[in-house]
Structures are given as C-alpha cells and as structure tokens.
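> Sharing the record's features from TrEMBL:
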type	residues	note
TRANSMEM	A:21-50	transmembrane segment
TRANSMEM	A:62-81	transmembrane segment
TRANSMEM	A:102-125	transmembrane segment
TRANSMEM	A:131-150	transmembrane segment
TRANSMEM	A:230-248	transmembrane segment
TRANSMEM	A:268-286	transmembrane segment
Amino acid sequence: MFKDGIGESSEFSGFHPWVNLIYYILAIGITMFSLSPWFLAATFVLSWTYSVLLKGRGTVKLNLIFSFWTLVLMAVINVFFTHEGVTVLFYLNDNAITMEAFIFGLSAAVMLVSVIIWFVSFNVVMSADKLIFIFGRAAPVLGLTLSMIFRYVPLLKERFAEIRMGQACLTGNQKKSRIARIRQFGKELSILVSWSLESSIESADSMEARGYGLRGRTSFHLYRFTKRDLLLLLVMCGLGAVVITGAVMGKTTVWFYPEYVLRRFDLMTGLTLGAYVLLLALPILIDISGEVRWKRSGLAM
Amino acid sequence: METIRFGNVTFSYPLSDSPALDRVTFEVHPSEFIVVCGKSGCGKTTLLRHMKKNLIPYGRMEGSVTYGSTEVSALDDRRNASEIGFVQQNPDNQIVTDKVWHELAFGLESLGLDNRTIKRRVAEMASYFGIQAWFRRDVSQLSGGQKQLLNLASIMAMQPKLLVLDEPTSQLDPIAASEFLQTIYKINRDLGTTVILSEHRLEEAFTMADKVLVMDRGRIIAYDDPRRIGRLMSGNGDNSRHPMFYGLPSVTRIFYSAGGEGESPLTIREGRLWIDEEMRRTGKEPGKGIPLWQKGTGKEEKPRKIKDPAIHMENIWYRYDRNSQDVLRGLTMDVEKGQLFCILGGNGVGKSTTLKAIAGIVKPQRGKIEVNGRLAMLPQNPQALFTEVCVEDELLEVLHGEKGTDREKVEKVVDMLRLMEIEHLRKAHPYDLSGGEQQRLALGKVLLADPEVILLDEATKGLDPFFKITLAKVLKKLTDAGRTLFMVSHDIEFCAEYGDCCAMFFDGGIVSAGPPKEFFPGNNFYTTTANRMARDYFPEAVTWEEVAKCVGDSI
C-alpha cells in the first residue's frame with residue numbers, strides 16, 4: 001500500500017469533483033494565509049503524509065530534495081535582504097543579520113513548500129477528467145478545449161515518432177554534426193506541423209458533421225452527486241467555517257517585525273487548530289478506512 | 001419516397017476543366033444498402049460529400065440533391081447534424097476528445113441534450129457496438145479498428161436515418177475491416193438505416209449490397225444489383241472489358257472470365273457450388289488432396305540455402321523491455337537478391353519489429369543480421385517523408401547534400417518521376433495527391449538515395465486495385481534492375497499475384513515460406529479467394545487469372 005501509493009483509485013478520488021476541488025481550495029487557501037507555527041506544522045506534515053500516501057515511497061526523495069533547497073534558499077535570501085528586527089545575531093559588512101528575518105524566511109518557505117506539496121496530491125486526485133468536467137461547467141467550450149488538448153498531445157507524440165523513424169530510414173543512421181542534427185530536427189518539426197494542419201481539416205469536418213457550432217451545447221459527464229458527497233461537503237464546510245472564524249479573529253497570524261510575537265495559545269486557538277487538522281486529515285482518514293475495507297473484503301473471500 | 005435523390009447534378013471544382021460530377025442522376029430508397037465503387041479520383045468522394053450539408057465541396061454546381069423533400073443545401077442545421085451521418089477514411093483524424101465516453105457523447109452534446117438523455121443513449125450505443133469494455137479508456141490506447149468503430153458509434157448515437165461512409169476501411173487491416181463492414185451491415189438490417197458506402201475491398205461489400213453504383217470520370221456507368229454488375233463490366237471478351245472489371249470481387253471476375261453466363265455468384269460458397277456444378281457436367285472428379293490424417297514426412301523442412309543473400313538473419317531474439325515477452329523468437333531467414341519477398345501474418349506477431357530490426361532501429365538481444373547493400377525503408381504513412389511544396393522539390397530535396405551539378409540532379413529527378421509514373425503531377429502539392437500517388441512519390445524519394453535493399457511497410461494499404469497494378473509494375477521494374485524488396489503486408493491477393501517469395505510469420509518467427517505457387521496451395525485458410533474457391537479441382541491455381549483459365553479450359 002505504501003510502496004507505490006494508492007494513486008487514482010483512492011477512496012477520496014471517488015468523491016464528486018466539486019467535493020475534491022472545494023477541499024483543495026480550503027486546504028491551499030488557508031495554508032496561504034496562516035504563518036503561525038502550529039498551523040504551518042499541521043499543513044506541512046499533512047501535505048507530506050497525503051502526497052506519500054497517494055504517490056508512494058518514490059515521492060519522498062523528490063519532496064525532500066525540493067523542501068530542503070527551498071527552505072535553505074528562502075531563509076538565507078531573506079536574511080541577506082531584510083535587516084529589520086531587534087534580535088541581531090551578527091553583522092556582515094555593516095548589515096545586521098537578524099533572528100526575526102530568519103524566522104520569517106523559514107516560515108514563508110514552509111508555507112510555500114506545503115502549498116506545492118499539496119499540489120502533488122492535487123495532481124493525482126484531480127485527474128484530467130475532473131478538470132474537464134469543472135471547466136465544462138463554467139463554459140462547455142472550455143471543457144471541450146481541454147479535452148482536445150489531452151487528445152492531441154499523445155497523437156502528436158505518436159506522429160513525431162513515426163516521422164523520426166521515416167526520416168531515419170531515409171537518411172540512414174550515420175553520425176552527423178550538430179548543425180546537421182538541428183537542421184534535421186527542424187525538418188521533422190516542419191513535417192509534423194504540415195501533417196497535423198492537413199489532418200485538422202478532417203477533424204474540423206468531423207466536428208461540424210456532428211453538429212458542432214449549434215446553439216446551446218451541453219457538456220456531458222459521468223459524475224453523480226450522491227449522499228456521501230453531500231455529507232463530506234457539509235463536514236468540510238463546517239470545519240472550514242470554524243477555521244476561517246479563527247483566522248478572522250487573528251488566531252492564525254503572528255507578528256515578525258520588529259519582534260517575533262506568538263500569541264497565547266488560548267481555547268479558540270486550540271479549537272481552530274483542531275478543526276484545521278481534522279479538515280486537512282479528512283482525505284487521509286477516508287483513504288485509509290477505504291484501504292482497510294478492501295483488505296477486509298479480501299479476507300472475507 | 002426516396003431518401004436521397006440526385007437530379008442531373010453536374011459539379012466542377014474551381015480552376016478545373018473537366019467536371020468532377022457529370023450529369024449524375026440516381027435515387028436511393030429508404031433502408032437500402034448501396035455500395036459505390038470506381039477508381040480513385042472518379043468522383044466518389046465528391047458524390048458522397050454532396051449528401052451532407054456542411055461537407056458540400058466548393059465549386060460550380062448545377063442540378064439538385066434532395067434529402068426527403070428538401071434540398072440538402074437548405075436543410076436545417078440540427079436535422080443535418082443528426083439525421084445524416086458521415087464517416088470518413090482516417091480513423092485518427094475524426095476523433096476529437098480524449099476519452100471514449102466523451103467521444104460517444106460529442107454529437108449529443110452539440111444537439112444540447114441533457115445529461116440524463118445523453119447517458120442513456122451513450123449506454124445503448126456502447127452496448128450495441130460492444131464498446132463497454134473500453135468505455136473509459138483514452139482514445140490514444142485504441143487500435144485502428146476500434147477507433148473507426150468509435151467514430152461510427154459516435155455518429156449512430158445521434159440516430160441518423162442516412163449513413164454515408166467514405167472508404168471507412170481503407171486504413172484498417174483485413175480483420176478489422178471485415179468486422180467494421182459486418183457492423184454496418186448489422187445496423188442496416190437491425191435499424192433500417194439507409195447506408196451508402198464507398199469501398200475498394202469489394203469482396204465483402206458486394207455480398208451485403210442491395211445495389212452497386214459504379215462511377216467513371218464523374219459519371220455513373222452502372223447502378224444495378226451486384227449480381228448483374230459483372231456482366232455489364234465484362235463486355236464481350238477480354239478486350240472490351242471496362243477497367244473497373246479488375247476491381248470487382250475475384251469470384252465475379254472468375255465467373256465471367258471463365259465464360260459464365262447470367263447472374264454471377266458473389267460469395268466463395270456460391271462460387272464453389274458453381275464450379276462443382278460445372279465440373280459435374282463435364283465429368284471431372286475433384287482431385288485427391290492429402291488427407292488430414294496422413295502423416296507428413298516428419299522431417300523438418302530445411303530452408304533452402306541461398307548463396308549471397310541480400311538479407312541474412314540468424315536466430316534473432318528480441319523483446320522491447322526486460323519484463324515483456326519475446327517478440328522475435330529465433331527468427332532465421334534469407335532473402336535472395338532481386339526478389340520481391342512478402343511477409344504475411346496477423347497483427348502483433350512481430351512483422352513490423354522485424355522491419356525495424358533489419359533497418360537497425362531496434363537492436364536484437366541475440367542473433368545476427370546482415371544486409372548486403374545500402375538499405376532504405378518506406379514508412380507506412382508516406383506523409384512522414386514530405387517536406388516540400390511540390391512533387392519536384394520533394395525529390396530534389398533528397399539530392400541536396402549530394403555531389404553533382406544541378407543539371408544532373410534535375411535529370412535524376414525527371415527520370416524518377418517517369419519511373420514512378422507521376423510526371424504529370426510534378427507541380428502538384430504532395431498533400432493534394434491521392435493515396436496511391438503519395439505512395440509512389442514516397443517510394444521515389446526513397447529510391448533517389450539509391451538503395452539496393454528496400455523495406456516496404458504495408459505498401460498497398462488504402463490503394464485501389466488499379467493503383468495496386470501500377471505499383472506492382474513499378475516494383476517489378478525495381479526487382480528487374482537487381483534491387484531487393486522486402487515487404488510486410490496483410491494483402492494476400494497482392495502478394496500471391498506479384499510476390500516472388502511469400503512467407504507466413506507467426507509467433508516471432510517464419511512458419512513456412514516459398515514461391516506463391518508452392519506457398520498458398522499448402523495453406524487451407526490463409527490463401528487467396530480464388531484458391532479457396534477452386535482448390536478441390538485445381539489446387540495449384542492461386543491467382544484469379546489462373547483459376548479462371550483452368551475453369552474456362554475445362555468447361
């Protein structure tokens with residue numbers, strides 16, 4: 001289960017695209033506005049957990065490298081360019097290197113890394129189909145355009161491979177200078193363009209023959225909004241409301257300059273943090289319970 | 001009332017002297033199955049395109065085309081979209097979305113139906129066409145046959161009353177083509193949809209048609225029952241035959257060439273019964289074949305030793321990656337110089353991989369390949385080679401880096417144009433040529449590199465019978481000049497008639513090989529139509545001409 005990740009077959013992916021989308025809007029949106037260490041820690045840990053759960057062990061290394069360098073770079077760069085703050089660590093060429101600038105750089109970096117790692121799992125959950133569906137709701141043409149792009153990318157790749165082979169057969173596989181190779185590549189690209197333009201006339205005919213351009217086009221999809229979608233949506237909205245209230249009350253913010261001030265951890269902060277953690281962990285809980293159910297049904301057989 | 005009706009239609013393209021359609025008059029009744037045939041460029045496509053409003057070609061037109069009681073050009077857009085379905089040649093170019101289910105729904109989305117209705121119609125279509133197993137797949141994962149079936153299903157989802165198909169099987173292999181035609185036949189029988197189909201592979205289409213429409217230079221020269229078409233085309237003897245006669249199914253050709261009278265048989269079964277009857281009349285006994293229960297000699301057939309082969313392959317093993325199955329399994333083969341060597345076999349047995357291995361595009365894990373002489377390969381899609389704006393430049397481009405004066409180069413190009421019989425097209429754009437002409441231009445381009453061994457990948461795909469004859473002549477000229485041709489093909493009839501050596505490829509190796517005269521009589525299923533029809537009496541006759549002669553002589 002953890003080797004290759006659950007992937008697209010995850011239980012949470014099976015929910016309606018709107019539910020998936022709203023989850024990510026909440027998760028990423030709130031992450032972007034909270035720099036308090038509690039909240040940063042929560043979003044950082046959970047984004048990591050979910051991406052590894054979906055994509056497997058292979059993604060750990062990639063995430064690590066990426067997180068490490070972003071953290072180092074941002075913390076260091078901020079220290080060198082911002083000299084505000086009261087706690088001076090040392091001077092470099094008469095410039096104050098402050099503790100506050102370092103903490104701000106670090107917090108901002110953690111926030112950025114979390115957002116980007118949220119997108120790792122977003123890519124798995126929000127498959128092309130779901131994006132097409134969501135854009136298709138906005139305007140049918142938009143959804144169709146997206147769908148056509150996903151159709152033509154593999155087609156062009158295939159065609160290019162064929163052209164490459166044809167040209168290789170014509171010219172033989174002799175070694176060539178770099179300029180000759182670039183020329184050859186240009187030629188292959190030009191063949192691809194003229195071939196594709198030519199065939200797009202037929203595609204246009206085929207679209208028009210099937211009534212494309214008539215007024216009132218709809219956008220077909222295979223999704224159904226069921227009771228469990230509604231339930232999850234309500235839970236998410238409830239938790240989201242709590243977190244947003246907390247954020248409005250200033251429970252998720254901190255002050256960096258001139259001095260780093262962390263507010264007292266009161267009841268409301270605890271409540272907001274609890275709701276936030278639960279909200280972010282929802283897909284993880286859903287996916288793990290889904291996996292467990294699969295294991296059980298496997299044993300029962 | 002008729003479904004579609006052409007009233008004295010004359011049509012010419014801009015800047016063209018001769019009309020593409022010349023006083024065409026005919027009508028099609030509801031639920032009829034019409035097959036349109038004729039040489040490439042005879043006006044078939046132009047005729048079919050006049051039946052669909054948005055596809056009517058641009059040019060000067062006289063006369064009227066009516067659908068029901070309205071002019072096609074004045075049809076309501078919604079009615080045009082849903083009631084008249086049009087399937088084109090190329091399976092890939094007609095698909096526009098990324099998923100099978102989305103493609104099925106495309107037309108219904110255009111019509112503005114709601115989700116529930118679309119779902120129901122799509123479900124119906126998927127079940128009828130057997131698409132449910134690949135309903136959620138990406139279209140890029142489908143085979144050519146599946147793609148074309150999807151195009152058809154997507155159109156049928158709109159419940160058309162008239163289905164027009166312009167050479168829908170020309171890009172498919174024979175098995176997929178046959179399946180596709182059967183599906184159309186089923187639609188015609190089950191739903192009563194009127195079908196108008198243009199085809200080159202008439203063997204099967206003839207047995208389905210209610211009427212056959214034969215065109216020549218923009219005119220209708222025959223519109224009749226398929227059993228009577230042969231009579232009209234054969235004239236009175238060999239010299240007065242219409243060229244279209246050579247495009248008819250083998251059974252029909254044999255019947256009339258052997259002197260049959262009246263209505264011709266259409267299927268192999270009918271052909272066999274006819275020969276049986278004729279032979280009984282003349283008192284000839286069926287030959288004694290080797291019964292199945294008799295054992296073979298038991299000795300492994302040793303491939304004949306060929307001195308100085310053009311291509312020598314020994315014990316080739318190849319697989320695409322570590323964990324996949326072997327595609328080539330100990331392939332051993334020698335190809336003699338100056339021959340047209342044909343490899344036959346089904347899909348996915350490793351034929352194309354063999355070509356790639358010879359061309360050096362894939363490196364076998366084990367074994368030895370030797371090619372004597374310069375090598376070139378003609379890809380399946382000639383478009384993969386075209387870079388220039390006219391035929392002449394296209395050929396000249398190959399000589400770009402060569403030594404020699406411009407004059408010599410131009411001379412070479414002119415010679416090549418003559419050899420390929422495309423001199424009249426020297427100023428045309430490569431994309432404006434027909435499939436057969438493109439094929440020959442590509443071959444010309446390959447030949448200018450002066451190869452001694454040429455690999456051909458499905459060179460006859462999508463060609464009409466007449467272009468095949470021209471191509472065969474060109475190939476013969478090449479082998480006479482000492483070049484070796486190695487062709488991979490699905491086209492049994494072509495290989496039987498023109499190949500010097502045929503081989504059956506199966507499971508990563510060659511199962512049997514030999515000249516057509518020895519190769520085909522030894523097969524039971526994998527042989528020409530003509531041979532299957534007459535094998536009880538004349539097992540060694542392979543091509544239709546041989547069978548026609550044998551039968552004709554003994555009647």
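Every residue, even glycine, has its Cβ placed from backbone N, Cα and C.
Unlike curated records, TrEMBL annotations are generated automatically.
Remember, it's a predicted structure, so these values are computed and weren't measured experimentally.
I'd like to know what surrounds each of these features in this structure.
Same-chain neighbours of the transmembrane segment (A:268-286): 10-12, 23, 26-27, 30, 34, 38-39, 42-43, 46-47, 49-50, 53, 121, 125, 232, 235-236, 239-240, 242-243, 245-247, 249, 251-252, counting only residues six or more beyond its ends whose CB sits under 8 Å from a CB of the stretch.
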> Other than its close neighbours in sequence, what residues sit by the transmembrane segment (A:62-81), given a CB gap under 8 Å and a spacing of at least six beyond its ends?
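Distant contacts of the transmembrane segment (A:62-81): 48, 51-52, 92, 95, 97-98, 101-102, 104-106, 108-110, 112-113, 116-117, 120.
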> Select the range from A:21-50, A:102-125, A:131-150 that forms the most Cβ-Cβ pairs under 8 Å with the transmembrane segment (A:230-248).
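The stretch I would name here is A:21-50.
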> What residues elsewhere in the chain lie close to the transmembrane segment (A:21-50), defined as a C-beta under 8 angstroms and at least 6 residues from its ends?
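Residues 63, 107-108, 110-111, 113-115, 117-122, 125-126, 130, 134, 233, 236-237, 240, 243-244, 247, 251-254, 256, 262-263, 265, 269, 273, 276-277, 279-284.
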> Cβ under 8 Å, sequence separation of at least 6 from the ends of the transmembrane segment (A:102-125): give me the contacting residues as numbers and ranges.
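Sequence-distant neighbours of the transmembrane segment (A:102-125): 5, 7-8, 10, 12-13, 20, 24, 27-28, 31-32, 34-35, 37, 40, 43-44, 47-48, 50-51, 53-55, 59, 63, 66-67, 70-71, 73-79, 82, 89, 254, 256-257, 260, 283.
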